[in-house]
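Enquirer: These came from TrEMBL, pasted as-is:
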type: COMPBIAS; residues: 144-154; note: compositional bias 'Polar residues'
type: COMPBIAS; residues: 165-179; note: compositional bias 'Basic and acidic residues'
type: COMPBIAS; residues: 180-197; note: compositional bias 'Polar residues'
type: COMPBIAS; residues: 204-214; note: compositional bias 'Basic and acidic residues'
type: COMPBIAS; residues: 252-266; note: compositional bias 'Basic and acidic residues'
type: COMPBIAS; residues: 298-308; note: compositional bias 'Acidic residues'
type: DOMAIN; residues: 602-615; note: domain 'SRP54-type proteins GTP-binding'
type: REGION; residues: 135-311; note: region 'Disordered'
Amino acid sequence: MIELFSIFTKGGVCLWNYQESDVNFTEAINNELIKGTLMEERGNNGQKKYGNYTMKFQLDNEYNVVFLVIYQTIVNLNYAEKLLGLVGDTFRNAFSESLRDETALTTPPSNIYSTFDDTFDSLLSQAAKSARATESIVKKPKSFQESAKSQKTIDSLIVSRPGHKKPDEKNQKSTEKSIKSAQIDSGSDSEYTSTSPPGSPDEEVLRRREEMFKKRIGGGGAKKKGEELSQTTSPKPKGKQARVWALSGKPSDLKSLDRSDQKENDDSAAAEEDNRFVESMKNQIGSLRGDLRSLKESDDEGEEEEETQTVVKQTGGWFGMLKGLVGEKKLSSEDLTPLVEKMRDNLIMKNVAAEPAEKICQSVVSKLEGKVVNNFSRTAQEVRTAVRESLVQLLTPKHRVDILRDVIEAKKEGRPYVIVFCGVNGVGKSTNLAKITFWLTENKHRVLIAAGDTFRAGAVEQLRTHTRHLNALHPQSVHLYEQGYGKDAAGLAAAAIKIAAERDFDVVLVDTAGRMQDNEPLMRELAKLIRVNEPDLVLFVGEALVGNEAVDQLVKFNEALANHAAPGQKPRLIDGIVLTKFDTIDDKVGAAVSMTYITGQPIVFVGCGQTYADLRNLNVGAVVNSLLN
């Protein structure tokens, strides 16, 4: 009945084997049991199906030994678990010294385990006998004298018939009913005098019932039916009353939030809203003509002189590690190690990812090692200069993206300039797309926005609102191409590009749905959109708040674009970065360093506010100063 019983180590060494059939179970043990179950560590005891066979096993974690029994599934081997327990206990007790030897568990076994054959036969017989003994135990039925039916009499059967009651019981219940009705109708406090003998159970029941009725009527007589009806039919407030909070204003203010009125949704209301928006933005019209301004316009030379004076006075922070490195001493890597560790912690604290922070520290050590310093101020200036050079080198992109120039070149070729925006959820792709649209319309370019986010609820409506506001600022300069929700984004973008070419639009901005970098189906869809439409620029929109997460996002996005590129063609990766929410991070500007280090691509735009005019270029000097301070 047993096909195989095997004892082997977790290292794959078979210690003892018992087999009755000629079936080779090596593949089943290796693939199904070891790889599919044991390596996943699903438990110490378990069962596994393999074709027409069942494998039951037991793990011994003390000696790293596995006990396995295999039998045909059609055979109900009810003593398999008992056999595993008996064999496991006996084998451990008999060969405990050998099993403690770790070398014995990784080398082919010797003949010491061959003596277990006879022991196994006896254990197998013992387990089988115990199973047969268990099966032979049949529950013996009770005799008639032992059953509950024999205890019943004719009187009990008559009394227990449904609908039949004793005469005394009838009289008792009718008496109780009359007492209850009399007390409720008359409201009297008269006590009922029972005909039962004092101290009997019936007398106690009646007494307690009378006390309950007195409590129910309150001891002062029953209420009139008219009063009861008036109370039961009194009006109650329907529904839950709205609570008015102290700072929420009057309840009538809720009408201003109601958008269901048709008058509020007509064209005149939209025109009034656009007029209010234009009035609030009229001072910013024309502010973004030409190249974008940098985040912080300043005189770099004057700043550098002030920084040098500040460093001389500075004794705390990571520059305080330099106080011991004076006195015509040549700097070594051992001298710079405390400084580098402190500098690395400072960079990571300002949202620089661990990998670029380590790269900057190594660059500083290579620039300073071997230099001779004579005073603290000179040492601090040398260190600061080395750090600045490393940061500037890291933040300087491999190439410069000049969108205005490229748009003019594309117009000469008779085609629109296409930009695709991608990124994770909630980073501000649609909002910053509208800011870039405003910048392009400021420079006299006609823009077609493709509503490629066909998944998020409200995404198309958001772009409609942006389009209406942008046209209020620059009439007939922005158009929206949409197909609703649930459509293929790649086909929608292709149709938008075709329409833009036919109607002489200068730029096509393709909005896409936000997606996490680990969502493989959505990343494949994004790669398809870029592969099919071949945009001029692929911009990754990322938050300035993320830190190390920026590294993972950019790496996964680039990997997805490379893995799903067309065969035989060079993969199209991310060309530039849009850094959003830059106004919320104070001096923690490390995300700019992390993103530029990973891709080597420039940060093309920086979003730093809530209006359309809050769009800037990245000022490398300002970022470096924030990291050094």
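Each Cβ is built from the backbone N, Cα and C atoms, and glycine gets one as well.
All annotation found in TrEMBL is predicted automatically rather than curated by experts.
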Enquirer: Please list, for the compositional bias 'Basic and acidic residues' (204-214), how many residues fall into helix, strand and coil according to DSSP.
Expert: 11 helix, 0 strand, 0 coil
Enquirer: Could you give the number of helix, strand and coil residues in the domain 'SRP54-type proteins GTP-binding' (602-615) as assigned by DSSP?
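Expert: Breakdown, helix to coil: 0 helix, 6 strand, 8 coil.
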Enquirer: Quick one: mean pLDDT on the domain 'SRP54-type proteins GTP-binding' (602-615)?
Expert: 87
